[in-house]
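Over in Swiss-Prot, the protein carries these features:
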- Cys28-Cys53: disulfide bond (DISULFID)
- Cys40-Cys149: disulfide bond (DISULFID)
- Cys97-Cys107: disulfide bond (DISULFID)
- 1-20: signal peptide (SIGNAL)
Amino acid sequence: MKTLNVLALVLVLLCINASTEWPTHTVCKEENLEIYYKSCDPQQDFAFSIDRCSDVTTHTFDIRAAMVLRQSIKELYAKVDLIINGKTVLSYSETLCGPGLSKLIFCGKKKGEHLYYEGPITLGIKEIPQRDYTITARLTNEDRATVACADFTVKNYLDY
């Protein structure tokens, strides 16, 4: 009987480890706007939420994001790509943390520490484009190691 229990446990653990993708999470879903995300970091998922889906249509809205850091953050770089029909149509990059530059409260955090952000973000655009598209966001540190990575799927049919 013990052998059967051990075998069942081993099979469950193997099946769990065999998965190479994280689940798709729903950020918000309303009549004309849906936003989903999936971690594109094979080693780590994270939590992300928006208070109200309709807030996204304003150019500043509140988010919550949380994770345990697998990499220290002395320097932090963001790269964001807008992908439509499988083609990158817009790419944006920015240094968020670096020597003499700390745009975020978690600059300087160490590996293993909890990262939690709750507050406003500004998109820098007046309207979210209508249609279905993907936004890939990747944060890397000074060693070019992935700190966080996500693919956001946006389905926007709002009339402005």
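Placed from the backbone N, Cα and C atoms, the Cβ positions cover glycine too.
Annotated features, which come from Swiss-Prot, shown on the structure.
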residue : record         : contacts (Cβ under 8 Å, 6+ apart)
Cys28   : disulfide bond : Glu34, Ile35, Ile50, Arg52, Cys53, Val56
Cys40   : disulfide bond : Thr136, Arg138, Cys149, Ala150, Asp151
Cys97   : disulfide bond : Ile73, Lys74, Glu75, Leu76, Lys103, Leu104, Cys107, Gly108
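In the structure as shown, the Cβ atom of Cys149 (disulfide bond) sits within 10 Å of 19 other Cβ atoms. When the disulfide-bonded residues Cys53, Cys107 are compared by the number of other CB atoms within 10 angstroms of each CB, Cys107 has the fewest. In three-state terms derived from DSSP, Cys149 (disulfide bond) belongs to an extended strand segment.
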